[in-house]
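Peer 1: This is the feature table in Swiss-Prot:
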- 12, 13, 14, 15, 16, 17, 18, 19: ATP binding site (BINDING)
- 5-183: domain 'Guanylate kinase-like' (DOMAIN)
């Protein structure tokens, strides 16, 4: 189905800066809305239920899987994450641009179900910098950091399957690139014809 809103799918290895970039984008562009996923992991830091994620139990997650409530779900770092199809479609139907923060497995599943979804992969500038960021975050033990780096190698190997790639070396530059991708989709013919219908009509463009 052709919705007036766009769907942006943003994936990255842990520590690449995906969440920080998406948060900054949301603060700058009120037309972009975050699709909040469900997860079985515990909240981190200042995270709140319903804002960053819907935090649910394993049993609740199982029930949603059985009810076919997710457009995709995957296991990441020993926890499960799922995306509600209904929530995405309702927001896009209202004309909002929806952004999904998701792992690469989920991103590729979303692309199969939403053919027009725009996929974006965030890369770190180097492996050393990725390790340093994970260590500076101070949230994980040394063993967990090693697991995240191991998983990151698997995730980065999928980068060629994405539409756009942003290297997050300088945050402001990476944010500029992310904003440019979002804006470019709004300038496509179909989007402009819908958003500027009166102008197109006056110019006899149908």
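Including glycine, each Cβ sits where the backbone N, Cα and C put it.
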Peer 1: Sequence gap of 6 or more, Cβ distance under 8 Å: name the residues on the same chain that satisfy this around residue 17 (ATP binding site), in order along the sequence.
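Peer 2: In sequence order, the residues whose Cβ lies under 8 Å from that of residue 17 (ATP binding site) (at least 6 apart) are 122, 124, 133, 168, 171, 174.
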Peer 1: Determine the Cβ neighbour count for residue 15 (ATP binding site): the number of other Cβ atoms within 10 Å of its Cβ.
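Peer 2: Other Cβ atoms found within 10 Å: 23.
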Peer 1: Could you name the residues, excluding 12, 13, 14, 15, 16, 17, 18, 19, of the same chain that surround the ATP site, i.e. Cβ within 8 Å of the Cβ centre of those residues, in sequence order?
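Peer 2: Surrounding the site, in chain order, are 122, 124, 133, 168.
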Peer 1: In sequence order, which residues at least six apart in the same chain have a CB under 8 Å from the CB of residue 18 (ATP binding site)?
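Peer 2: Those within reach of residue 18 (ATP binding site), by Cβ under 8 Å and sequence separation of 6 or more, are 10, 11, 12, 101, 122.
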Peer 1: Translate the DSSP assignment of residue 17 (ATP binding site) into the three-state scheme.
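Peer 2: DSSP call for residue 17 (ATP binding site): coil, neither helix nor strand.
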